[in-house]
């Protein structure tokens, strides 16, 4: 058996999908709660659950609906160790989802639209700024592309006014900043840093 999250913005957010008998299926949201979501996040190495989603919040899956009335206690190692029923009266509009604490998402704030401004990352339940100590062209290109904003035009600098700080170092163009090396709330690389921002050449659609 295997487990994955689909339809989210990182591998640590999305619709819960499990593999059974060689095909992928979904889990019904009847009785889906924080204990169930915690087991999924931990099994995927994604920390703990910070969001429990139902009603196909990450889109409707296809394939069989493999579990209903999942009843994890929260300590199980794998989702299929939890009690559940295989019989169900669900449709894919009830697909269960989860947001885990290791999920990262990004925004540019304070600019004329979502493609310019201060870089901010949502991680472990809070928004943080990004330190300029290892922020160069590659990091800016990854962020602009991830946001669907084209290519970076110029760098901007701001003050850190949020509680957390993140630092990224990308050796090559990656699908997102989460795929690069990163460190959260480590004082050394962020000491005397400014908060970075960027103007991308695209505009939000």
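From the backbone N, Cα and C atoms, a Cβ is placed for every residue, glycine too.
Since the structure is predicted, the reported quantities are computational estimates derived from the model, not experimental observations.
Taken straight from TrEMBL:
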{"type": "DISULFID", "residues": "72-82", "note": "disulfide bond"}
{"type": "DISULFID", "residues": "170-180", "note": "disulfide bond"}
{"type": "DOMAIN", "residues": "3-101", "note": "domain 'SRCR'"}
{"type": "DOMAIN", "residues": "106-201", "note": "domain 'SRCR'"}
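Annotated features taken from TrEMBL, shown on the structure.
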residue: 72; record: disulfide bond; Cβ within 10 Å: 22
residue: 82; record: disulfide bond; Cβ within 10 Å: 19
residue: 170; record: disulfide bond; Cβ within 10 Å: 22
residue: 180; record: disulfide bond; Cβ within 10 Å: 19
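Broken down with DSSP, the domain 'SRCR' (106-201) shows 17 helix, 42 strand, 37 coil. Between the C-alpha atoms of residue 180 (disulfide bond) and residue 82 (disulfide bond), the distance comes to 34 Å. Residue counts for the domain 'SRCR' (3-101) by DSSP state, with H, G and I taken as helix and E and B as strand, are 16 helix, 34 strand, 49 coil. Cα of residue 170 (disulfide bond) to Cα of residue 72 (disulfide bond): a span of 38 Å.
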